[in-house]
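Student: Feature annotation from TrEMBL assigns transmembrane segment to 24-44, 64-84, 90-109, 130-157, 188-209, 221-243. Among the features that TrEMBL reports, domain 'G-protein coupled receptors family 3 profile' is placed at 24-259.
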């Protein structure tokens with residue numbers, strides 16, 4: 001509450017939220033729309049040429065999983081900007097780290113497969129186990145299921161709900177006081193949600209280093225390695241910037257850019 005104009009009574013403090021027309025929302029939404037269009041175009045192209053040698057050689061099953069993860073990373077932007085309620089907060093928890101988990105799990109499975117093939121080749125001509133497309137999908141979705149299991153445990157321990165934060169917009173002028181409506185997700189919970197994806201990313205980076213010397217015919221290994229090296233650098237920059245930012249709107253924008 002705050003005093004009214006005549007200071008003879010109290011009135012509720014205005015409650016605000018991140019609006020769609022805010023610059024902190026417009027820029028991420030624009031970038032997300034471009035990303036969704038580009039990703040959808042690639043998916044449609046893959047489906048159209050699904051049985052061609054190039055698509056089959058790219059590991060089409062894992063490529064679809066990777067593209068799904070990229071699509072989810074862009075789509076989560078709209079949930080982060082939507083008006084917080086129990087439903088939106090629940091979906092945020094589920095999809096916040098799921099897109100990255102899809103992407104890193106697919107990349108980890110691909111690099112692990114390449115590493116095992118060449119390690120086995122040093123010992124014998126027998127192909128290693130679990131390198132078929134079906135096996136790769138089982139491994140990938142097993143990794144993804146761990147993320148989902150962690151989210152469901154989070155639901156049980158701390159059910160999603162909204163909260164009005166009056167401290168974020170604290171001011172000396174009572175007339176300018178505002179409460180911010182947002183999902184009650186602590187910094188620790190956020191790190192735990194993204195922590196598993198970070199673990200997959202680090203493990204994938206290790207395998208990317210191990211497979212950096214493979215023959216040129218396995219040309220996917222080096223681009224994956226370059227991607228993981230740059231991703232690690234971006235995440236190292238993200239953590240201090242994100243937790244050093246106090247405004248919810250700024251955090252939404254920064255989180256979108258890192259994803």
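Glycine residues also receive a Cβ, built from the backbone N, Cα and C atoms like all the rest.
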Student: Taking a Cβ cut-off under 8 Å, which residues six or more beyond the ends of the transmembrane segment (64-84) line up next to it in the same chain?
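Tutor: Answer is 17-18, 20, 25, 28-29, 31-32, 35-36, 39-40, 42-43, 46, 91-92, 95-96, 98-107, 137, 140, 162, 181-183, 252, 255-256, 259.
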Student: Find the average pLDDT over the domain 'G-protein coupled receptors family 3 profile' (24-259) in the predicted model and report it.
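Tutor: The predicted confidence over the domain 'G-protein coupled receptors family 3 profile' (24-259), as a mean pLDDT, is 81.
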